[in-house]
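Report on the following structure.
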Number of protein chains: 2
Amino acid sequence: MTSLKTPKGTMDESPRQCFLHEEIIERIRRVFVLYGAVPISTPTFEMKSILTNKYGEDTKLIYDLKDQGGEICALRYDLTVPFARYLASNKIRRMKRYQIGRVYRRDQPSIARGRLREFVQADFDIAGECIQMMADAEVVSCVDRILSMFGIGEYRIKVNDRRILTSILEVVGVSCESYGTVCSTIDKIEKMSWEDIGRELVLKGLSEEQVRTTKKYMTMGGKEDVLGLLKADPVYGIERCKAAVHDMEELFRLCRILGCSSSLVMDISLARGLDYYTGMILEAEYVGKSVGSVIGGGRYDNLTENLGERCVSTPCVGFSVGVSRIFSLLYEEYDKESSTVVYVGASGGLFLDERLSVLRILQDANICSETFYTRRSSFESQQKYVAKKKIPFIVVVGESEIAAGSVQVINALTRKKEIVKVEQMVSYLLDPENQ
Amino acid sequence: MTSLKTPKGTMDESPRQCFLHEEIIERIRRVFVLYGAVPISTPTFEMKSILTNKYGEDTKLIYDLKDQGGEICALRYDLTVPFARYLASNKIRRMKRYQIGRVYRRDQPSIARGRLREFVQADFDIAGECIQMMADAEVVSCVDRILSMFGIGEYRIKVNDRRILTSILEVVGVSCESYGTVCSTIDKIEKMSWEDIGRELVLKGLSEEQVRTTKKYMTMGGKEDVLGLLKADPVYGIERCKAAVHDMEELFRLCRILGCSSSLVMDISLARGLDYYTGMILEAEYVGKSVGSVIGGGRYDNLTENLGERCVSTPCVGFSVGVSRIFSLLYEEYDKESSTVVYVGASGGLFLDERLSVLRILQDANICSETFYTRRSSFESQQKYVAKKKIPFIVVVGESEIAAGSVQVINALTRKKEIVKVEQMVSYLLDPENQ
C-alpha cells in the first residue's frame, strides 16, 4: 500500500499554519523593503559544483538530485551561496537584496523545535565596498527591527569577528588548516557541555592544555567591555585581531546612532559553522525560548571570488531569518482560519440561483465572500460554520427577502440584524458604522 | 573552472522580474481569497510512490532526488496530486484551498515562451460533494476573474468533458485501455497539424478510418451550440455522454448567473494530457498571444481514492495558473526597480552620522528609505541613482542644514525643494500636498 506520509523532515501546512507563515514572511519582507532592499530569486537547485566547499562539515547535509542524464544538481542549502553566484554571474559589484525561499538540509529533524529538512529562510544582504562597518551596522539594525517587531519578548544579538576567533586559535597554537573544523566544534557551545566540546577538540588534535586556554577565552563574559579585556591580552598583538577589535568598536558606535545597540552583545565564543565567513558574525535569539537562534549571519568577503577563476572579490554581509523558528514561537497563540468577510446563507430553502446572484455582487465589489454548495444545509449549521471560521457577516437569502429584493445582514459579532435592499448591500457592509 | 550558470531550464530573477512576479502572485492570491479559499502548503518533494501513475506519458518528466540512504523522493510535478494526498492523509472531505508554489518538469525548456523546468503555479481547488456543476461553475468564474484582471486582452475559456471525449472514442471503436494515450495525442491539437496527429494515432493502433471519424468530431466548431450537435449524434446514445452534455448545459447556465459566460466556449477537441481527470476539463488562453494556455484544470473525482487502499473518494475540481506565462505577457511593459520612497543624500561632504540619524527617523516612521555607504559620492551621482530607480523623494543633509537642525526635501518628480526642520520631516513627507 502506498504510504501517504510526507518525506522525513518535511511537513504539510494547514490553512492556519499557512496564514501565520504568510504573515510572518510579509512582515519580514516589509522590513527588508524599509531598508531599501530589492528582491531577487534563484532556482531551488543549483549545479552541484557551486555548493561544494562552502559549508564545512555540513556539506554532508546537501540534498542531491538524481543523475537523470543531464546536469548534476543539488537542492540549495542556503540563499547565501546562490546570491554570491548571482553576483558573480551577472558581474554585479553593489546590491542590497532580499530573498525569501525554501532551503534544504538532510539534518536530523525536530518539528517541535522548528528544525526541518525543508524550511523557509528570509535573507537580507549588502554587497559592495562600503565605509568600514557601515553595512555591518545596517545589518544589525535590520535584525534588531525584525526581532522587536514580533512581540515575542527580550532578545539578544550576539556578535563576534572571525578574525578574533582565529587570532585566539593562533595564540593557543592551533594550525591554520584546523581553524575551520575547530570553529565547527566551538559553534556547538550552546548545545554541548564544555566537557564534550573539549573531548571533540582533543579528537581534532588539540592538547588538553590548548583546550584549557581556548576555554579561558571562550568564557570571557561581558558585553562591549570584552573588547577592553582583549586589548589587554596577548592576542591583541596579532594585527588582524587588533583590526577586528577596532571594527567591533566602530560597529557598536554606529549601532548606537542607529538605535539598535541595546540588545547587542559581544560574544567571543560565537563561531558559526560555515566556512565562508571572514569578519563580523552574528546570531540572535529570544531569551529563554527553546528554539535556539532565530537569525544568523555575518560577513563573507571572499565568497564571490572563490566561486571561479575569473570571479572578482565583492565584500558582502548579511543574515538569514529562520522563519520556521519564529513560526514555532508564535503558533500557539494564533487562531486565524479564514479571510472571508461575508458568508451568504439561506433560510427556508436552498435558493442557489439567488445566492449566486448575491455572491456575484459581493465579489464584484471585492468583498471576500463564500456560500455553501451542498445539497442541503440548515441555517444552524451555517451559523456554526461562520462562528468557527470567525466570519464577520452573514447575508441571508430567504423567501420573503427575495420577494422584496432584499437580504438580511447579520453582524456575527454584535448579533445586529437588518433587512437591506440588495442594491444597498455593498454600501451597508462597507459602512464603518455597521462593522 | 566552475561554471556559474543556473541549471538547464531554470533562471535567476532580477529585482524587476521579482517585483513583477510578486505582484502577479499577490493579485492572483487576492482573487483566491475573494472566493473564500484558504491556503495550504505541501513539501517541494514527495515520496516518489505518490507521483507514479498520475501523469500519463508525462511521468518521464518527473525530477527524482538521489537515493542518499533514506526515502525515495521526487520533486513535485504539480500541486494537484499533493493536494489530493493532503486530503487523503488528513481525512478531509470538504475544502476550498489555494496553493502557490514552484513545480518541476524535466521538459524541453523555452524561456521566451515562459516554459521552464522550474516554474510557479497558482492553484485553486474545491473538494467535496456539491450541487451538480456548482463547484465547476465557481472554478470557471474564478478563472474568468483572474484572466480579466491583468488587462492583457481578449481571452477564451475552453471547456469540455472527459466523458464526451471517451464516448466519442467508444463510438469510433477505440478500446478502453487506449483512452489515456489517445487523449495525450489529441491534447497536442494546437501544437501539431492533423496530419501529424493522425500519424501518431495510427502508431497507437487506430485505423485510418478511425482517425477520420475522430477528426470529424474534433473539428466540430461552435460555442454552446456544439452541445446541440452532439444531442443529434449517435454518441448521445451513450449514457455517460448524455450525462456529460446535460452537465455542460448546467455549467453554461450557472456561469451566466455568475456573469462569467461570455468568454466560455465548448471545445470537443480539448483533451488535457493528465490521467487523473474524470469530468469537466478546461483550458484558458489569451487570444493571439504566443504563450499558449495560461490556465488549465478540470475535475478529478477519483484521485484521492486512487492514492491508496483505505482512501475514500472525494470529488475535486480546480485549476492551475501558469504564473510564468502571465509574467512573460506582462514583462515587456513593466519597469519597477525599487520600493524606496526616500533617498537620504548628502551635499558638500559625507555626513555619515547625520545621514544615519535621519535614516533612523524615517525608518522608525515606516518610510522605506536608503542612503549611500560608499567612501565618496557626488550629489550628481546621487541624483542619477534616484532618477534611475524612480525614487520619489531626496532628503539632503548639508552643512548649513545640520547647523539649523533641518534637511532639504526635494520632490524628484515636481523638482520642488523645501527646507524642513528634522522634527517636521516625517509629517512633511506624509502630507499629500507635498507628494
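Along the chain as shown, residues are numbered 1 onward.
Keep in mind that glycine also has a Cβ here, set from the backbone N, Cα and C atoms.
Features of the protein shown, as given by TrEMBL:
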| type | residues | note |
| --- | --- | --- |
| BINDING | B:Asp78, B:Leu79, B:Thr80, B:Arg105, B:Gln121, B:Asp125, B:Arg272, B:Tyr276, B:Tyr277 | L-histidine binding site |
| DOMAIN | B:20-333 | domain 'Aminoacyl-transfer RNA synthetases class-II family profile' |
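The structure, with features from TrEMBL marked on it.
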residue	record	DSSP class
B:Asp78	L-histidine binding site	coil
B:Gln121	L-histidine binding site	strand
B:Arg272	L-histidine binding site	coil
B:Tyr277	L-histidine binding site	coil
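Taking the Cβ of B:Tyr277 (L-histidine binding site) as centre and 10 Å as the limit, one finds 25 other Cβ atoms among all the protein chains shown. Across the annotated binding residues for L-histidine (B:Asp78, B:Leu79, B:Thr80, B:Arg105, B:Gln121, B:Asp125, B:Arg272, B:Tyr276, B:Tyr277), the two most widely spaced Cα atoms sit 21 Å apart. Of all the binding-site residues listed (B:Thr80, B:Gln121), B:Gln121 has the fewest other CB atoms within 10 A of its CB.
In the structure as shown, the Cβ atom of B:Asp78 (L-histidine binding site) sits within 10 Å of 21 other Cβ atoms. In sequence order, B:Arg162, B:Cys183, B:Asp187, B:Ile281, B:Glu283, B:Gly296, B:Gly298 constitute the residues six or more apart from B:Arg272 (L-histidine binding site) in its chain with CB-CB distances below 8 Å.
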